[in-house]
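Asks: Quick one: the structure is below, and I'll ask about it shortly.
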């Protein structure tokens, strides 16, 4: 089995990487820099997001394993002091995996050009210069005319990230679908939006048709683009749906999702 390592640049992550490589070599495991079958990320959820996009063209052939060297992460099952246990699990690996849905995003520009993206956590669109105005279509039917700061579209596993910060619901990661959450929507006697998150099923398509040409900021996980109208080219439409691809994690032990939610956001219950 070919094992790759993807770490951040902190001193602790560098130390853990060195220890892991030493223990893997001692156990007879193969470390590779290209074409891995298992990728071990060392850092936090941000590091795993970066690794996901680094290897996104080969997702069907890779299983991820996360070691967190800082705060508790939702994608990182192992702590830095559990290297020996992880190496033992790698030696006994039988291909066991758990997978989660991803989000496909298609951006259409006024010149007809189309750009495709894939998100593990979320995509957001907002206008930083004025109220964002867009028409929201669900399965090609106009649902509402949105006015506000922006919109957040997230996966089930991404529902605990930025989506939660803007008032979205936390969704069981075993669900297949995606969620739309509003960012500071404008509601008064003239303009109205639904004012609550929407959770879509596996076959739904969400389309956002933008009315303004300038000032939009588009994100896909950790990547961000400031979009400006240049020579008649500007963003006109975004479409979202559940991706045909999935992300796979090596499942060496069971870590209860709802226990992580409780530990991260609630703490001890008295």
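These residue numbers are counts, starting from 1, taken along the chain as shown.
Cβ atoms here come from the backbone N, Cα and C positions, even for glycine.
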Asks: Can you match one of 27, 97, 184 to the NAD(+) site that Swiss-Prot gives for 45, 46, 121, 122, 147, 149, 160, 161, 162, 163, 164, 165?
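Replies: For the NAD(+) site that includes 45, 46, 121, 122, 147, 149, 160, 161, 162, 163, 164, 165, Swiss-Prot also lists 184.
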Asks: Grab the NAD(+) binding residues from the record (45, 46, 121, 122, 147, 149, 160, 161, 162, 163, 164, 165, 184) and give me their largest CA-CA distance in Å.
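Replies: Site span for NAD(+), by Cα atoms: 31 Å.
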Asks: With a 10 Å radius around each C-beta, find which of these binding-site residues (121, 160) has the fewest other C-beta atoms nearby.
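Replies: Per-residue Cβ counts within 10 Å for the binding-site residues 121, 160 bottom out at 160.
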Asks: For residue 164 (NAD(+) binding site), list the number of other Cβ atoms lying within 10 Å of its Cβ atom.
Replies: 18
Asks: For a quick check of packing: other C-beta atoms within 10 Å of the C-beta of residue 162 (NAD(+) binding site), how many?
Replies: 19
Asks: Which has the fewest other Cβ atoms within 10 Å: 45, 147, 184, the binding-site residues listed?
Replies: 184
